[in-house]
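Enquirer: The structure that follows is given in the form of structure tokens.
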């Protein structure tokens, strides 16, 4: 129903007003606001009443609310004094509940109190309010009664709405190491200037990288934990805080983080992580015709052979881990990215524009089908796997645990910790991010099985924006960002293994031919 059908409105569209907090569970305060729209609504008894669409100054448009006429006041000096009085009461009430001043949790209150005249006192507020109109007096009495009740009870807030408000005001930053920033620039240069593509499927895919990181993280956490009992040797036996694990040492949180990265990557890759020149390649490698299902008998035979021979802890049979070197193309080696390249810093964006089709692939230029073979020599293993193998030998056939005992004997409080820690490490070393039967043989594998570190790194450019649209408590967000930081350090430490220049090839050689599709385990 429109606003021009005879009903008289006290306020009009576009007028600057003061409006009460629309949520009855929150503190009774007045906000600076503006009327966006006016309509005729109905109350609970079906009577026609005016309703106003209110925009609160400084708030996101998503917080615009419809309010009844009795929730809106004119922008006058008297109502401004009432606004300041309610703001002071609300802040005092929050302080009395033990909340920090910097976390006032009342948007708009700080700006109201900043404009408070120094000579204005509570007594003057009472005197000025007593001379107001009858309508204002009635409102003042109701507000005073409600304020008195609120002062005796703790302010209750809806956690979900409060978290959303805080997230809108929070800026999330993920620091990317310098060596990885340069990798992002080189990646942009190779794709957009040199018209190269990352050869797919990657030799070390994202599943392998994430699983390797969890094992790397767990091993480092366990070895650093060995020193902890020495410093807490004098703690009393009854103290149960010895079981506390900091977020940056928590393996379960690390597993949740990498699983979240996997899910986020699979979803966002086609939306925001591909350059326009890569769109056609993505459609090809994710088609059902590109990958052929593996025969169950061949798979079981291959895995049984792998189980009989010792292997590094991070070479997981469930993920593609080819040891074939990149095929030579006959072209000169790809040069380094030129400096001061203006297009090398362009941002990632989604585009429906397809890149130009490759020239026809000849049989001689088609990449051979890589075969899974066992890592029987250290020369075929990346530096990361060699490093972890030397640091933590895994005796899969031996019942003796990994030696994790500190040099000094600990107290009885920590006597049972070593066995538990050893079991946890052995469990983590056999842990897999996805089950063996995923993805099903009749379905194309998800992007995390095909793409590698080059595209995973791009995700961290977009993560602050993605996280800004999610609801996290301050504590959980801080822990998550800490784990992101540790993971980026891991990528930076082994960037020579994860980001080889040979990964970028000509567009016509950027994927295996459909005649010889690459096996996905």
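Our numbering is plain: 1 for the first residue shown, then up by one each step along the chain.
Placed from the backbone N, Cα and C atoms, the Cβ positions cover glycine too.
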Enquirer: Which residue from 319, 405 is recorded in Swiss-Prot as phosphothreonine?
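Expert: In Swiss-Prot, 405 carries the phosphothreonine label; others show none in the record.
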Enquirer: From the ranges 114-166, 167-219, 220-272, pick the one that Swiss-Prot records as region 'Disordered'.
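Expert: Swiss-Prot lists region 'Disordered' for residues 114-166.
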Enquirer: According to Swiss-Prot, one residue in 13, 62, 411 is annotated as phosphoserine; name it.
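Expert: Among 13, 62, 411, the one Swiss-Prot marks as phosphoserine is 411.
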Enquirer: From 380, 399, 407, pick the one Swiss-Prot annotates as phosphoserine?
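Expert: Looking at Swiss-Prot, the phosphoserine feature maps to 407.
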Enquirer: For a three-state summary based on DSSP, what are the helix, strand and coil counts in the domain 'Tudor-knot' (13-71)?
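Expert: Per-class counts: 6 helix, 31 strand, 22 coil.
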Enquirer: Given the model, what does the mean pLDDT over the domain 'MRG' (168-517) come out as?
Expert: 69
